[in-house]
Amino acid sequence: MVRDFHIADREEDISYYAGFVGSSLMLGRALTSILWGVIADRYGRKPVVIIGTITVVIFNALFGLSTNFWMAIILRFLMGSLCGIIGTMRAYASEICRKEYHALGISAVSTSWGIGLVIGPVIGGYLAQPAEKYPGVFSKDSLFGRFPYLLPCLMISLLALVATVVSFWLPETLHKHNKTNKDQSDLYDVAEGTTNGLNLSESMKHSERRIPNSHKSLLKNWPLVSAIIVYCVFQLHDIAYLEIFSLWAVSPRTLGGLSFTTTDVGQVLAITGVGLLLFQLFAYPLVERIVGPVMISRVGAVLSIPLLASYPCIALLSGFCLSIALNCASMLKNVLSVSITTGLLIMQNRAVFSGPGAKRSCKWPFYVFNVFFQDNRPSSWGFIIVLGTTASRC
């Protein structure tokens with residue numbers, strides 16, 4: 001799409017401008033993630049999910065109608081700003097799972113995210129520029145001929161529309177607990193100046209002791225803070241890889257790329273998605289129970305270093321050897337990425353608690369870092385996977 005905008009003077013400058021289009025989505029998400037967390041905790045997860053999926057339906061379709069570089073950036077920014085699904089679905093997955101199934105629940109969300117990152121490029125690879133790929137079906141004078149990237153965007157919007165409809169049957173996991181009569185009477189007593197024989201100042205001090213300063217205690221929680229820091233650093237690496245991979249694959253050989261077509265890229269990512277789904281649903285929960293999320297994240301990070309270093313060597317291959325090496329490397333890289341992300345999210349969840357014997361929950365880190373969970377909820381794996389796949393493209 002950026003190439004067709006004719007904004008880059010040289011072929012090698014296309015990736016520079018494409019980076020702005022990709023970053024605009026993340027910028028919008030970063031600016032509004034706290035707000036969507038507050039809304040989800042105040043009004044419920046379901047409204048945020050419905051608004052987010054509707055946002056994808058509208059703005060993703062409009063993105064396919066982009067006629068210039070700045071229009072594409074603005075639409076992506078608005079979609080990122082108005083879609084608060086990612087953190088909400090991670091919170092939802094933890095809330096509906098019992099403690100022993102937290103790894104599987106978070107793994108399902110991470111898997112759906114990874115599959116969405118695969119399905120999206122696959123749809124784009126096969127459906128982009130349909131007038132050129134399928135001239136017998138789409139003419140150059142048709143709507144899809146004049147807007148060559150509208151068809152894949154409409155397909156993604158259709159998936160988001162299905163998720164929107166399903167969202168109306170989504171059970172709400174946010175439960176507002178009303179104060180007991182005793183609490184209400186205490187408030188009236190405080191207003192009168194006494195509370196069960198205590199004077200007003202003593203009552204207020206007693207109330208302050210009962211309500212810990214959760215913000216300060218969380219900032220002192222080094223396991224939580226360290227997991228968040230590592231998560232931020234890794235996401236910087238992972239998003240950069242996701243943005244660069246497709247650009248590298250379609251770049252000409254003279255610039256170190258693979259000279260792939262969009263269809264070739266789609267085939268690689270389709271194979272990757274199958275392997276990722278099988279690993280995360282069947283292998284990851286078992287491995288996590290054996291070695292724990294910390295070891296999984298460490299091993300995944302270490303293995304990612306030589307794997308990424310091998311990509312320039314892969315570009316030197318051709319034919320069948322290139323196909324095998326690239327598919328294996330892409331599958332392994334995505335498996336490692338999702339494993340690290342899932343492990344870090346599990347560590348964040350386990351680092352947060354509200355006290356012995358209480359439901360483990362914390363609203364403040366959900367606002368900022370998308371960490372919020374409670375025990376003893378039923379599971380809804382199918383919905384998480386479908387909705388998460390759509391959310392990953394927003």
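Each residue, glycine too, has its Cβ placed from N, Cα and C.
What TrEMBL says about this protein:
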DOMAIN    1-394  domain 'Major facilitator superfamily (MFS) profile'
TRANSMEM  48-67  transmembrane segment
TRANSMEM  73-92  transmembrane segment
TRANSMEM  104-127  transmembrane segment
TRANSMEM  147-170  transmembrane segment
TRANSMEM  224-248  transmembrane segment
TRANSMEM  268-287  transmembrane segment
TRANSMEM  299-326  transmembrane segment
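Between the transmembrane segment (48-67) and the stretches 73-92, 147-170, 268-287, the greatest number of Cβ pairs separated by less than 8 Å involves 147-170. In terms of C-beta pairs under 8 Å, the stretch of 73-92, 104-127, 224-248 lying closest in packing to the transmembrane segment (268-287) is 104-127. Most Cβ pairs under 8 Å to the transmembrane segment (104-127), among the stretches 73-92, 147-170, 224-248, 299-326, belong to 147-170.
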